[in-house]
Amino acid sequence: MSERCCSRYSSGASIGCTPTSTQAKMVSKRIAQETFDAAVRENIEEFAMGPEEAVKEAVEQFESQGVDLSNIVKTAPKVSADGSQEPTHDILQMLSDLQESVASSRPQEVSAYLTRFCDQCKQDKACRFLAAQKGAYPIIFTAWKLATAGDQGLLLQSLNALSVLTDGQPDLLDAQGLQLLVATLTQNADEADLTCSGIRCVRHACLKHEQNRQDLVKAGVLPLLTGAITHHGHHTDVVREACWALRVMTFDDDIRVPFGHAHNHAKMIVQENKGLKVLIEATKAFLDNPGILSELCGTLSRLAIRNEFCQEVVDLGGLSILVSLLADCNDHQMRDQSGVQELVKQVLSTLRAIAGNDDVKDAIVRAGGTESIVAAMTQHLTSPQVCEQSCAALCFLALRKPDNSRIIVEGGGAVAALQAMKAHPQKAGVQKQACMLIRNLVAHGQAFSKPILDLGAEALIMQARSAHRDCEDVAKAALRDLGCHVELRELWTGQRGNLAP
């Protein structure tokens with residue numbers, strides 16, 4: 001772009017010039033959609049550019065100033081067919097048409113506009129950001145209330161539009177919307193499609209939004225989520241969405257609050273809503289569906305937060321299902337092989353979670369879990385995620401359990417862990433978990449130190465220690481317990497300034 005128009009493209013700070021790297025690191029600058037549109041219009045009117053070229057030039061200029069354009073619709077506004085209005089973006093024109101149809105109570109038109117609204121917002125997150133800025137939520141909320149009179153098709157379209165709009169924008173859901181969402185789920189519990197879309201709204205509203213989580217839990221959403229899995233136990237989309245929403249309820253991901261209620265929510269799911277039983281029973285309907293099994297296992301692992309919950313998984317038959325799933329994956333027994341590696345990772349994560357209970361550790365070993373874990377790591381050696389979770393699960397099984405350590409070593413667990421370290425030298429997670437496993441295997445006796453050292457463990461651990469800062473402490477602990485020389489340094493002696501006499 002020519003210098004004569006450069007000064008017109010100011011994002012606020014650093015007018016007409018490219019920001020330094022220090023400035024870019026300090027703040028990510030943003031502009032309003034109107035500012036971008038004005039720049040595009042200037043290119044068209046003053047520099048005789050075509051719409052596409054005008055947009056491209058505007059993008060290049062703003063990005064050169066360090067402006068974040070991720071929430072900007074990067075197309076030229078269009079003139080309406082009759083030319084009676086100012087140029088506007090398609091999403092805003094559609095929003096205007098939708099508002100008019102809702103105000104006139106024309107359900108068929110409303111449904112058609114909602115469908116088009118969803119399609120546009122799915123294609124570009126900037127569209128839903130702009131729509132939210134221009135009042136999309138109250139318009140969709142009004143359409144939603146219009147649909148509650150008994151139009152199931154319009155109700156589904158309204159929920160779909162709400163789920164798209166709140167994706168990444170959970171602040172949009174207000175108290176009225178929250179109550180209507182719970183009421184809609186309650187009144188339409190028998191309708192799979194409505195339940196699925198409503199739960200998706202719950203998930204989007206709760207992700208990174210602690211207040212929405214707490215308010216929805218108080219409004220009674222948890223029994224609706226577990227009930228959806230029970231009631232629609234063969235409907236893959238409903239089960240998937242419900243599992244995802246349950247997991248989101250156990251997240252602590254909102255940086256705006258000092259602490260969340262993730263632990264309490266997990267307890268409520270298990271104790272008040274029989275969450276573990278619901279999930280374990282649901283697996284029986286999807287034994288040939290790795291994708292849904294991954295969701296169910298991933299949710300189980302989020303709920304195994306207390307000693308008694310870990311034992312409950314075993315008592316409900318969950319352990320035998322987990323070990324069987326792992327064995328089936330290792331033996332290629334599943335008809336659908338797509339997604340098997342993800343399922344293996346989730347099963348391993350769940351075994352790791354329930355192995356926090358010492359009695360469950362022994363139950364896993366008795367059920368043949370160690371052999372299946374070692375086989376999974378060997379078979380999926382190219383996957384750093386599987387290797388990390390395998391080492392972590394074995395690490396938990398060996399913790400405070402010398403007999404389990406012997407079974408792991410004799411079953412090839414140490415060999416597999418060292419192979420994983422060789423295969424993924426740049427993966428800090430693999431290196432860290434492998435070091436912790438080796439440390440636990442030899443912590444209560446030196447019988448396995450020499451065999452493990454003979455496999456080249458010392459060099460691999462030293463390599464992990466030098467390559468990854470996160471491995472420093474666990475690597476030193478592993479080397480120390482293996483009987484290797486480790487230089488232990490005092491990090492602070494208290495001899496600086498006036499701290500020492």
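Cβ from N, Cα, C; glycine included.
Taken from Swiss-Prot as is:
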- Ser64: phosphoserine (MOD_RES)
- 220-264: repeat 'ARM 1' (REPEAT)
- His263: pros-methylhistidine (MOD_RES)
- 274-318: repeat 'ARM 2' (REPEAT)
- 319-369: repeat 'ARM 3' (REPEAT)
- 370-412: repeat 'ARM 4' (REPEAT)
Chain residues outside the repeat 'ARM 1' (220-264) and at least six past its termini with a C-beta under 8 angstroms from it: 182, 185-186, 189-190, 192, 195-196, 199-200, 202-203, 206-211, 213-214, 272-275, 278-279, 281-282, 285-286, 289, 291-292, 295-296, 298-299, 302-303, 305
Pairwise Cα distance for Ser64 (phosphoserine)/His263 (pros-methylhistidine) [Å, integer]: 45
Cβ packing number for the residue listed as 'pros-methylhistidine', 10 Å threshold: 13
Cβ neighbours of Ser64 (phosphoserine) where a neighbour is any other Cβ within 10 Å: 14
